[in-house]
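**Student:** Here it is, the structure in full.
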Amino acid sequence: MARRPKTDNGPSAAEKTTHETSKQAVKNTSERARRIVERAVENVLDRIKAFLEKISPKVVDDIAARVTDKIAAGIVEKLAGSASDESTADSSPDEAANKSSDETAKKARAKAEDGASQGWPLRPSARQATASAAGSKRQSPEVERPPPPKRARTMSEPEQRRNPKRKAGEEVNSLARETADVSEKLLEETLKPLSAADIQEWDGWAEVESEPQLGVTGVEATELLAAEQWALDFLQRPVFGLIFLFQYAPHLEGEDGDEEEEAPIWFANQTTNNSCASVAILNIVMNADDAELGEQLRAFRESTRDLSTPLRGHRIGSDSFIRAAHNSFVRRVDQLNADLCLANEADAARLKPAGKHGVPKKGKQQQPPPASKKRKRKKKRPSVDYGFHFIAYVPAGGHVWELDGMRTKPREIGTLVPDEDWTSIARPRIQGRMRQYQENENGFSLLALCRSPLVAERNAIALAVAEMLHLRSEKQHDAQLVDMVSADEPVIDIESSAELREFGLEKSDIINAHVPGSHEARISEPDFGAEKAYARYAELVTEARRAMGTYRQAIIDVADEEKRVTARTKDYTPALHCWMKKLAEKGVLEDVIKTSR
C-alpha cells in the first residue's frame, strides 16, 4: 500500500484544539475560584454588616472593615498559591497540550488499527509522520496488532474519570468557612465586656466620656449655659476652677510671652493622648486648698511637687490609678480603637522620610538678607481637624492662672483683688478665646468645679442649729421667749444620732460650729427683747429647714447620677449582638428587610 509523503507542517488541528481547550479550562477554573472567593467574602461582610449597622458605633464599622480587608487579602493570597500549585501539579498549558495530543494520537492509532481489521484504508497520524521523518525506527502501521486486553473492574474500585475532579472548589469552601469562623470569633472578642482588672491592666487612654473616680470629695462639676457674669454668680461658692472646652487650632494660638517660669502653683503638661480632661481637672484640684483629696492623690501631689511640668505629665500618664479613673466608661472596642490609632501613628512615623539636613557648601560666605519691616502674616487654617481641648483657669498664689497642658508653663492672666470674685478676671479671657475661635467653631463648653451642695447645705444646717442653741442659751432666763420657743416643733434633736446621720452630721459638728460675730453682736443689743429674739429664732428655723430640704434634694440628685454612671459603665453590646444573631438565624431580619422595601 502506498504511503503518504512525509510532511513537516507543525501541530495538527487536533493538537491546536486540545491546547486551546486546556488553556480555556485553566482560565475557567481560575475564574470560578475567583467568583467563589467573592461570594465567600460577600457572605462574611453581609453577616457582619447585618448587626453592626444597628449595634455598634462607627468605630466598630472601621475595625470590622479593616479586619475583613485583611482576611480577604489572606484568602486571595492563599487562592493564588493554591492555583499555582494546581497549575504546577497539572502541568503547564503547553505540557497539558502535549500530553493531550499524545493521548489523542494513541486513540487515533487504536482506531486506525480497528479500521484496518475491518478493511478501512489506513492513514498515518501527523505525529507518526514526524517521527518517521526524524528517523525513528517504528513498526509499520500496516502491521496489524491485537488490541490490549480490557481489565475487568472490581466493584470496590472507582471508575476512572476522563478529567479528574479538581479540589479547588473544596479548598475555597473550606477556606470561606474558616474565614467566617475567624470573623465571628474576632467580633465576639471585640464585643466582650471588660472587667475592672482589664481596665486596670490596659496602658492606653481612651477618647470617651470620662467620669474620673479620683477620690476627691466635696467637689462637683457644673456646666454653665453662658460665659456671662450672671451665670458665674449663680454657682455654689467657693469655685475651685473653670474648664473651657473648645476644638484645638494651633494656627490660632499666639505666643504672647506671658508664661511664668517659676509659678507658685502645681501644673502638669499633657504628655499622653486623650488625657486633656483629666489633666485639666488635676491642675485645678491640686491647687484647691479646700478640696478634700483622697489618699492616692495626696501621695501623688507630694511625690510630684519638685518635678518639672513635663515630668509631672509623664507621671500622670503612667499612674495606674489616674488612668483607670479616666477609663471608667471605656469599652473593649474603645480600647481597640485607641490601640489602632496608635499603631497607625507609629506606622506613619516609620514611613515618613527622615528630614534632610543641608550641609553648608565651601566657598564664599553668604551675607544675611537686609533687614525689612516685619509684616504680620495671616496664618492659614490647616486641613487637619484637631480634637477638642481643655484649658483650666484657677486662682492660686494671689493670681489667676490659665493652665494649658499643651504649653510648657502656666500663664498669669490677672491678680486677685480682695472682696472681688476671681471669676470676673477669668471671664474676659474666656470670652476673648470664644471670639477668636468663633469663625471656626459653632459651640463651646464651660465647666466649673465648685463646692458640692451636700457639703454646703450640711454646713448651713450645722451653723443654723448652732446659732439657735446659742440664742436659747443667751436668753434662757427670758421666760416669755422660752415659752414661745417651746411651743414650736424642734427642727432637729442633736441628741439623736439617727436624725443627725440623715444630714451627714454628728453632734460635735454642731457644737464646734463657729458662730459669726455678727450674730453675737445682734443678740447683745439692749433692745433685743423677747419678740426680736423670737423673730431671729424663726429666721434660723427657716434657714435650717431650707438647707435640710436642699440637702435631701441633693441626695436624690446624687443617687440618680450614680445610677446613670453605673448604667453607663455597663456594656449591653454583647447581649444585643446575641439577640440580633438569633433573629438572623430565625429569618426575622430577612422579613424585616423585605417589609421595609
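Each Cβ is built from the backbone N, Cα and C atoms, and glycine gets one as well.
Keep in mind the model is a prediction, meaning the values are calculated, not measured.
Okay, so TrEMBL annotates it like this:
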- CYS276: active site, nucleophile (ACT_SITE)
- HIS389: active site, proton donor (ACT_SITE)
- 96-114: compositional bias 'Basic and acidic residues' (COMPBIAS)
- 154-170: compositional bias 'Basic and acidic residues' (COMPBIAS)
- 353-364: compositional bias 'Basic residues' (COMPBIAS)
- 372-381: compositional bias 'Basic residues' (COMPBIAS)
- 195-451: domain 'UCH catalytic' (DOMAIN)
- 1-33: region 'Disordered' (REGION)
- 79-177: region 'Disordered' (REGION)
- 351-382: region 'Disordered' (REGION)
- GLN270: site 'Transition state stabilizer' (SITE)
- ASP404: site 'Important for enzyme activity' (SITE)
**Student:** Using C-alpha atoms only, work out the spacing between the residue listed as 'active site, proton donor' and ASP404 (site 'Important for enzyme activity') and round it to an integer in Å.
**Tutor:** 9
**Student:** So what pLDDT does the domain 'UCH catalytic' (195-451) average out to?
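**Tutor:** Average per-residue pLDDT within the domain 'UCH catalytic' (195-451): 78.
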**Student:** DSSP on GLN270 (site 'Transition state stabilizer'), three-state: which is it?
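**Tutor:** In three-state terms, GLN270 (site 'Transition state stabilizer') counts as coil.
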**Student:** Please give me the CB contact count at 10 A for GLN270 (site 'Transition state stabilizer'), counting all chains in the structure.
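**Tutor:** Step by step: centre on the Cβ of GLN270 (site 'Transition state stabilizer'), count other Cβ atoms within 10 Å, giving 24.
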**Student:** Once near-sequence residues are set aside, which residues in the chain of ASP404 (site 'Important for enzyme activity'), 6 or more away, have Cβ atoms under 8 Å from its Cβ?
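**Tutor:** Sequence-distant Cβ neighbours: ILE391, ALA392, ARG411.
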**Student:** Cα of CYS276 (active site, nucleophile) to Cα of GLN270 (site 'Transition state stabilizer'): how many Å, rounded?
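**Tutor:** It is 6 Å, counting Cα to Cα.
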**Student:** Validating a neighbour-count step here. Other CB atoms within 10 A of the CB of HIS389 (active site, proton donor): how many?
**Tutor:** 20
**Student:** Could you tell me which three-state DSSP class the residue listed as 'active site, nucleophile' falls into?
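**Tutor:** The three-state answer is helix.
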